[in-house]
């Protein structure tokens, strides 16, 4: 029997038991579609993180207070301790101390309620300096940023994010309109261009930016501490040098060593890697669930092939009596098992691709289905069929004509 005849025979056997075959490959379909969606979610999330962190600026350093240990065991600092001050930001802005920095913007961040008429919206209030817009590489879609004079006076003016503008004012322009921040009337003077989410997952489009003095007055905060210091390096090539300079300067000012720092400095690459590590962890966990489904599907293929061998004992006996070699019998059942696995893989890939088109509308998360993942899924399903078909095929090949015919 030729390979083509073997394939035709396998397809005929599957066609003869369509319902049974469909139920058999269901586990493989679920497993393969899960793999496609899991890998797609992981790749989509990684690309989304990369795109959104790119919006932060490729030359950006983010200095945060507190202390922690990163995944490599090196203490880098991140937490809730208030260890950064406006004086630290002023020191970093000194070109003699940090020659590779082009701009510095300290920021005080807190959560506040914004009110416009009957609309109440909770968002992040960022109190900062006039350098914030350039340091953060942000642009305005309408209006203007607050001026140096307004910053010195602590004027009640604000620049809001695109999401905040929509939630409070709807489709109409918010520029020139007023909103209430903790009971104080604040005039909107500008709207930021939409940029996406930050590395921490909080949206960069849902915030209100005000002068630092205004933020302190609106929130009732006192003291000289800041939540974050944003540092813009002079260029991407000088980012590493700026990192070292800021780290050494703050360590000296705080009386600590760099290994025992009470602050952290994050770069774009470190933020991307941290986010990708998290994505990889979830991908592995979800992939484990999909692997269990594939295992169940493979066991289903083996069980149904054993049933098929039992049902076709007489056919096997007749073919062997007519001179069919054991390898021919083994090949026939292996091809049938492989076809079951491949069928499940094809259907699973189709379901996964359709799911990748539908899922983003349900969970607001990008799904990127790659050709490599699709091919790997098909190869895996084919290998599952062959792997779990080896035992039933071997059992069929070992039957002797006399035993096979006697069993009938």
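Along the chain as shown, the residues are counted starting at 1.
The backbone N, Cα and C atoms fix where each Cβ goes, glycine too.
For reference, TrEMBL has these:
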| type | residues | note |
| --- | --- | --- |
| DOMAIN | 21-248 | domain 'MacB-like periplasmic core' |
| DOMAIN | 289-401 | domain 'ABC3 transporter permease C-terminal' |
| TRANSMEM | 21-42 | transmembrane segment |
| TRANSMEM | 284-309 | transmembrane segment |
| TRANSMEM | 337-359 | transmembrane segment |
| TRANSMEM | 365-391 | transmembrane segment |
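Here the domain 'ABC3 transporter permease C-terminal' (289-401) is broken down by DSSP into helix, strand and coil counts: 99 helix, 0 strand, 14 coil. Long-range contacts of the transmembrane segment (284-309) within the same chain, counting only residues at least 6 positions beyond its ends with a Cβ under 8 Å from a Cβ of the stretch, are 13, 20-21, 23-32, 34-35, 38-39, 41, 316, 333, 336-337, 340-341, 344, 380-381, 384-385, 387-389, 391-393, 395-396.
Mean predicted confidence for the domain 'ABC3 transporter permease C-terminal' (289-401): the pLDDT average there is 87.
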